[in-house]
Amino acid sequence: MNDMRLLERDVDAKDIKIAARKVQVYYADTHAIKDVDVDIEDKTVTAFIGPSGCGKSTFLRCLNRMNDTIDICRVEGDIRIDGEDIYDAKVDPVQLRAKVGMVFQKPNPFPKSIYDNIAYGPRIHGLARSKADLDDIVEKSLRRGAIWDEVKDRLHAPGTGLSGGQQQRLCIARAVATEPEVLLMDEPCSALDPIATSQVEELIDELRQEFSVVIVTHSMQQAARVSQKTAFFHLGNLVEYGETGQIFTTPQDPRTESYITGRIG
Amino acid sequence: MSDMSMDSAAPRRSSKSLHEVDARTRRRNAAETRFKACGIGAIAIGLFFLVVLVVAIFRSGLPAFTQTVLDVEFALTQEQYEDAESQLFKTKAYSQAFNGALKTQLDESGVTLPFDEASIERIAGKVGGTIREYFRANEDQLGQPTSFQLAASSRVDGYMTGRVTRDGFQDSRFLTLADLDLVDALEDAGIIRTQFNWNFITGADSGVDNPGGAGIGASVVGSFFMMLVVLFLSLPIGVAASIYLEEFAPRNRFTDLIEVNISNLAAVPSIVFGILGLAVFIQFMHLPQSAPVVGGLVLTLMTLPTIIISTRASLNAVPPSIRDAALGLGASRMQSVFHHVLPLAMPGILTGTIIGLAQALGETAPLLLIGMVGFVARGYPDSFIDGFVEPNSAMPAQIYTWAARADAAFYDKAWGGIIILLMFLLTMNIIAIILRRRFERRW
Ligand SMILES: Nc1ncnc2c1ncn2[C@@H]1O[C@H](COP(=O)(O)OP(=O)(O)OP(=O)(O)O)[C@@H](O)[C@H]1O
Ligand SMILES: [Mg+2]
């Protein structure tokens, strides 16, 4: 604990929320993530970019141990959140995932009502003391997910009856409702129209005040708009990581340059 | 991809009017029409056999639901009673008194046909015994006109329902042509008639010489208690095992082995389970023989693989993204299963369970091995607990026993039993459909 306080004093502006060292991920024999070192800062939006299949989702799923659910998946290396090793035997992944929320690449609302979708997380974590409390959380989360106006009249209609983009925003609202400290978002805007996209981006910017957000995106413009840090992945390697402005204007690695100018992909 | 590569890759389509169907499309449409015709043909054949089956079952089985009775009103005086009780052949005296009454009743209707005691015995069995029993139990009824409904013998029953005809009829010690004349006369006089046979539905098995008195009620009760055992054991065990195997167990050699064995168990012939039940439950554990609880245990063993397989299939059909969603919110594995996966899998689980139960309900061979044969079903259990442990039979075993008996009237009873069994199966299927609907409404 003492080291932690020292660390806090050292880094004056931003704390390191997640520190990953020498992370390797294997799917059976496929080496999907190779030797990735990355420090994700608190109260920052970090964007992961890279061509399809390069391992962005895989790495993201390491951060809340969702890869545990895949039998053939093996994770090696060291990932620390607030200095605590999340792959330690003492860590309960369930507790970890309450702290590190996730929005998945494909929208996956529960086949329950819109209200129950949002209320599920707060219910199982005991975040609401009363029905009114819960109603409040649901409304606040749906507003943050930029979907309140569209669903406020049909909170008890099935969440699966929404359009693809609405479902994705519902999932964002659902992830926000549990008040995670880190929010992992896997291409949250890929099914959204420009208006909803900009609403979600506003949300991400707002979340940055309290949380750290990691977002995977295929849109260079989006990465440039919302993130402060950008990581470029290629074939399982973290090729380049740095300030977003620097990555997009003066990339150090030729691979990064060809990707952002549209030559790999 | 450039336009060039597109052109070289596929042969050019000629651009023709959409109003003309080209040869290729016509061929494809023709193939589709042929396929549809085959499908309709297959369904028609299936339906035809179904109709044949249903008609056959009802034609053969309906006689079991009717019963031919002799309706005779008859008073026995105190003196006649005392006189009969003082004789050596007591029932004979009662028979004579009865025949006298019958003759009077027949004469009143204007028919004069001579008959003797032997022919009445061939038509209605030993009436004297029945009457004596009645008056000994109800002495206060002496001197009062009492109406007796006596079951006719199985051959007379067959004559009334058309199973026995006069063509090529040969006199035997069971029935003669003269008896048939008498039956006709009694029918004209309204003394013999057919009525709905409630006893078939509510009664118990009778002896081999009394098909008229045979009923399926006791074995329905036996089946009911067996199904209770099967339901309350196989549903929780099966569902728990499937949830564990599907959602929690690590995938390794050992679980693979278990999986293969469960699939194999589903294909094991039921008689194997029967002999296993005999060895384990009766000979080793000394559970009572012929008891529905043992039958239920054996059928549970048989039903478990069916339930496990269908439950696992329906758990597997729940999209993994739902589990991810729950886990991603910090739900535990168990919460994700019980809050999200299980409700979605419920319709499939229930259907599988009811199919398993329906199979168990119709299973015969293992029951015969553990002694739940038809003639054991001699009455209703005295209490709920006795229902599980008192010797009883089950519907299919009862039907099997009847079908194996010599008297042709039992054959009708067997078909009638089949109708009852099918009605239970139909009810179960309807329950399955209703439950499915109910659970599916929760999207
Ligand atoms: N469940 C899995 N089983 C086996 N291999 C997997 C699995 N998931 C991912 N992979 C492999 O890991 C590699 C990285 O996949 P990942 O999903 O992380 O890519 P991605 O960068 O998110 O791509 P996209 O931008 O298309 O979403 C791919 O080569 C993929 O084939
Ligand atoms: Mg991905």
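For all residues, glycine too, the Cβ spot is worked out from N, Cα and C.
Database features (TrEMBL):
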DOMAIN    B:220-432  domain 'ABC transmembrane type-1'
REGION    B:1-25  region 'Disordered'
TRANSMEM  B:37-58  transmembrane segment
TRANSMEM  B:224-245  transmembrane segment
TRANSMEM  B:265-285  transmembrane segment
TRANSMEM  B:291-309  transmembrane segment
TRANSMEM  B:341-362  transmembrane segment
TRANSMEM  B:414-435  transmembrane segment
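Within the chain carrying the transmembrane segment (B:265-285), a Cβ under 8 angstroms from the stretch's Cβ atoms is held by residues 294-295, 297-299, 301-302, 304-306, 309, 363, 365-371, all 6 or more beyond its ends. Using the rule of three or more Cβ pairs under 8 Å, pairs at least 6 apart in sequence, the transmembrane segment (B:37-58) is in contact with the transmembrane segment (B:414-435). Below 8 angstroms of C-beta separation, residues 255, 258-259, 292-293, 295-297, 299-300, 303-304, 307-308, 311-312, 315, 337, 342, 349, 353, 356-357, 360-361, 381, 387-388, 392, 394 of the same chain, each at least six residues beyond the ends of the transmembrane segment (B:224-245), sit close to that stretch. Outside the transmembrane segment (B:341-362), and at least 6 residues removed from its termini, the chain residues within Cβ reach (under 8 Å) are 223, 226-227, 230-231, 234-235, 238-239, 243, 247, 299, 302-303, 306-307, 309-311, 313-315, 317-318, 322-323, 395-396, 421, 424-425, 428-429, 431-432, 435-436, 439-440, 442. Remote same-chain partners of the transmembrane segment (B:414-435), defined as residues 6 or more beyond its termini with a Cβ less than 8 Å from a stretch Cβ, comprise 57-58, 60-65, 200-201, 216, 220, 223, 347, 350-351, 354-355, 357-358, 361-362, 395-396, 398-400, 402-403.
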